[in-house]
Amino acid sequence: MSGISAKRVRTRHFFEAKAAGTPISALTSYDALSASIFDEAGIDMLLVGDSAANVVLGRDTTLSITVDEMIVLAKAVTLAARRALVVVDLPFGSYEASPQQAVATSVRIMKETGAHAVKIEGGVERADTIRAIVDAGIPVCGHIGFTPQSEHALGGPVIQGRGSGADKLTRDARAVEAAGAFAVVLEMVPAQIAAKVTREISIATIGIGAGPDTDGQILVWQDAFGLNRGKTARFVRKYADLGTSLLDAARTYADDVSARSFPAAEESYE
Ligand code: KIV
């Protein structure tokens, strides 16, 4: 098994991995069965992302998912994960009003789910909030570059950090680092800029659409393993085609039921 060598991955391992040049693997997870498989596979970090709004709940954006919905999903993941660090997204509307609101939401998530850390979108403008959560004893992963909760303000899923945006990205990364985050997700950022930010900050960068030189990589599992049969972003590599396998299996089952060939005698009680 590659990646972080630890029985239980903790935030300090992210600093060690960065120092040693050991790539950190991360995937999203929103249920117990996927969490236990990814955990067994040695994935270092499982993110209960608010992308659950899209890939679990079928919504167009992440904006509508609630803290209550995130908690149900996160509980299932923490119960199943034995080794991976479990991080839960603070959903839109649950932290922006004040650092106090963010601390209250984070405390609730930590108490009710058993997660190990929270993730929050935003850079310079969220530094005080990140600091307040960290001061409450809760590890924080930042998220800068394209931040889906601001997709209407950003004008859609647009690459961030190009041209003069590179300076903003660097300022955001430094602010998240200075506020005490243990890692930061860089989403949809030119590879060279992500590499530069990765060299310049002391906390681990986890890339999604940020090229090969970040300290770790994360993908939404339904995209990476092909359960999502729709169009995916350029940065997604498809490692499996679960959507087609499931479609074939469901069709075969439907045919078997129609033909009364399921269940057979050995699948029935005497
Ligand atoms: O919610 C999510 O899945 C995320 C990843 C894209 C990093 O934030």
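Keep in mind that glycine also has a Cβ here, set from the backbone N, Cα and C atoms.
TrEMBL entries are annotated by machine, without manual review.
Now, the feature entries from TrEMBL:
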| type | residues | note |
| --- | --- | --- |
| BINDING | Asp50, Asp89, Glu121 | Mg(2+) binding site |
| BINDING | Asp50, Ser51, Asp89, Lys119 | 3-methyl-2-oxobutanoate binding site |
| ACT_SITE | Glu187 | active site, proton acceptor |
When you average the Cβ positions of Asp50, Ser51, Asp89, Lys119 for the 3-methyl-2-oxobutanoate site, which other residues in that chain have a Cβ within 8 Å of that mean position?
Thr28, Leu47, Val48, Gly49, Ala52, Thr62, Met70, Val88, Leu90, Pro91, Glu121, His143
Which binding-site residues from the set Asp50, Asp89, Glu121 come near ligand 1, judged by a Cβ under 6 Å from any of its atoms?
Asp50, Asp89
Looking at the recorded positions listed here (Ser51, Lys119, Glu187), whose Cα lies nearest to that of Asp89 (Mg(2+) binding site)?
Lys119
Within a 10 Å radius of its Cβ, which of these binding-site residues (Ser51, Glu121) has the fewest neighbouring Cβ atoms?
Ser51
Between the Cα atoms of Lys119 (3-methyl-2-oxobutanoate binding site) and Glu187 (active site, proton acceptor), find the distance and write it as a whole number of Å.
13
Three-class DSSP secondary structure - Glu121 (Mg(2+) binding site):
strand
Taking only same-chain residues 6+ apart in sequence, whose CB is under 8 Å from that of Asp50 (Mg(2+) binding site), what do you get?
Thr62, Ile65, Met70, Asp89, Pro91, Phe92, Pro148, Gln149
